[in-house]
Amino acid sequence: MERGAAPGGGKVPVFRLRGITKRFGGVTAVEGVDFELLPGEVHALVGENGAGKSTLMKIVGGLYAPDEGSLEVGGEPAAFSSPRESEAAGIAMIPQELDLFPELSVAENLYVGRRRPRTRWGGIDWGRMRREAGEKLASLGVGLDVSAPVKRLSTANQQLVAIARALLREARAVVMDEPTAALTGREAERLFGIIAGLRRRGVGVVYISHRLEEIFRIADRITVLRDGHLVKTAPASALDPDELVRLMVGRPLSEFFSRHPHEPGEVVLEVRGLGREGEFADVDLVLRRGEVVGLAGLIGAGRTELAQTIFGIRTPDRGEVRVFGEVLPPGSPREAMERGVFYVPEERKSQGLIAPFSVKDNITLSVLERFTRFGFVSRGPERELAGRLAGALSVRGGGIFDPVSRLSGGNQQKVVLAKSLAREPAVLLLDEPTRGIDVGAKSEIYRLIDRLAGEGRAVLLISSELEEILSMSDRVVVMREGRISGEFGREEATQERIMAAATGVRGPSAAVAEEEAGR
């Protein structure tokens, strides 16, 4: 079946929600929403963070009960009081944070919550269990050691285990929440192939993602939620990216990228002959005041490693970094911050934030000594700084005393950026700053980058999204296999030129490598 074709062939929906309303205290999360999933279709569910997507699917998954409205499964009325009841009805949930048991084997994870095969003497038939697990994975075109602990697998392979578990339970519907957020280009391609296989089997897939290019590639229908309300359900073929963004956030895609190029000023940061064995070599790079330099390249090109070496997380084998003309001592993030350089990591949850800490504590952590005298912290000035930066970056989802773990991905990223701005940096190294966040939050971060450049700060923007690189950069530097392979001014930079420099392939064939653009 072609993407965008009418799925289901008039069949009864796998499940259908009618007039769903869910309230939490005085807050209405979703109101009067209709949604259905047909056999063998990929139905994309999109909207900004807080639009109600997760709430709606948690009702389907048995985690929440609706306050109003009804649920049908296979044309029959249904009401789930637990996830187990939802699973028994043939609905499998694959959350972004996979619910696997890392210490258990692949085979054991596939049988969690399911009766394990028994020998005639009543013991667990481990041989049969491993064999069936291997067969189910093989049906997905995957060969894994089913005896290995899940913790040893890559994120992509853990995801395949979750999908195989759903199939072992004979799921008729699979709900995937941001399934490619942590995958490389190749891994995402493999996932798309598996989703196509699920469609051929007649399994319905609900696909939740912020990545519009993926949605238009694999979805048959798209449902848009905004502020807890249903905006529209339409065939994917009847929409385009600009229209979809307008439905999601109320303004067109053309208004998303906020870049007002400024005349670059003095050199702020200079990299000379920087190298690190096995990662990158002979890198020369210059950043000027008021300039956004995009750093493009494929997975493994060395971009993240370069940024971390500039900041001091990694130590170079050769070369030097200069800030305002003075050599920056290698291997010292503290010294880098003192000189006005700040790195915002791609992995915000594990490297950029302390999840149990409050928004305030995360923002002020890097400047706490500023408020400390004789071992005591002056809480008033600390609160004032955190509140001012949280307000300036429009951090939403709670107050500055709430745990940062409660915020959406986009708001967590704003907190990481606020922490960097607390240092008043001259140079910002931004590693995938919009990865995994919704389109509205992306727009706000683009405006922030433009504002920072307008204030005279230098920004190094690492991104795997070529549209982001092209729209936000004054210059584009390309890395390939650890070396600088190209540099383009704003007027010279095109998608084709960047991909040619990133792959070493000249001409139109370079475009086929675009899917591999990454860290």
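Glycine is treated like the rest: Cβ placed from N, Cα and C.
Taken straight from Swiss-Prot:
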- 15-252: domain 'ABC transporter 1' (DOMAIN)
- Gly47, Glu48, Asn49, Gly50, Ala51, Gly52, Lys53, Ser54: ATP binding site (BINDING)
- 262-506: domain 'ABC transporter 2' (DOMAIN)
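Everything Swiss-Prot records as a feature, shown here on the structure.
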residue: Gly47; record: ATP binding site; CB count, 10 Å: 27
residue: Glu48; record: ATP binding site; CB count, 10 Å: 22
residue: Asn49; record: ATP binding site; CB count, 10 Å: 19
residue: Gly50; record: ATP binding site; CB count, 10 Å: 20
residue: Ala51; record: ATP binding site; CB count, 10 Å: 24
residue: Gly52; record: ATP binding site; CB count, 10 Å: 23
residue: Lys53; record: ATP binding site; CB count, 10 Å: 24
residue: Ser54; record: ATP binding site; CB count, 10 Å: 21
Average pLDDT across the domain 'ABC transporter 2' (262-506)? 88
